[in-house]
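Undergrad: Mind having a look at this structure? Questions to follow.
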């Protein structure tokens, strides 16, 4: 059951990333759709992070603390933790429209979504190993 939830979340991340990378932000509607897909993909990755923290027997806290816990447990490397933190910050900026969202940061983030997906895959594989 838990494994299925991880896989469902991973499929959701893949679907949102594919949408975001396949559509240009050529008008306001498409821009909003792409931003929503990025935001959703990151949120689902953070769900995976929280699920894994729980499966490691740790207390689930805020996203940044959960990322740090995975780093402390040697589940992820510092570069992966930094990637997760950056995307979580971008998600927050999109969700709350901080500082009139810098679209150049979004464009850069679009080019690295495959890296975010690879980290998500790694987390799901780690969870699979824990389940034995």
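Using the three backbone atoms N, Cα and C, a Cβ is placed for every residue, glycine included.
According to Swiss-Prot:
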- 91: active site (ACT_SITE)
- 96: active site (ACT_SITE)
- 98: O-di-AMP-tyrosine (MOD_RES)
- 91-98: motif 'RX(4)HXY motif' (MOTIF)
Undergrad: Fewest neighbouring Cβ atoms within 10 Å: which of the active-site residues 91, 96?
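TA: Taking 91, 96 as the active-site residues, the minimal 10 Å Cβ count falls on 96.
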Undergrad: Can you count helix, strand and coil residues in the motif 'RX(4)HXY motif' (91-98) using DSSP?
TA: 7 helix, 0 strand, 1 coil
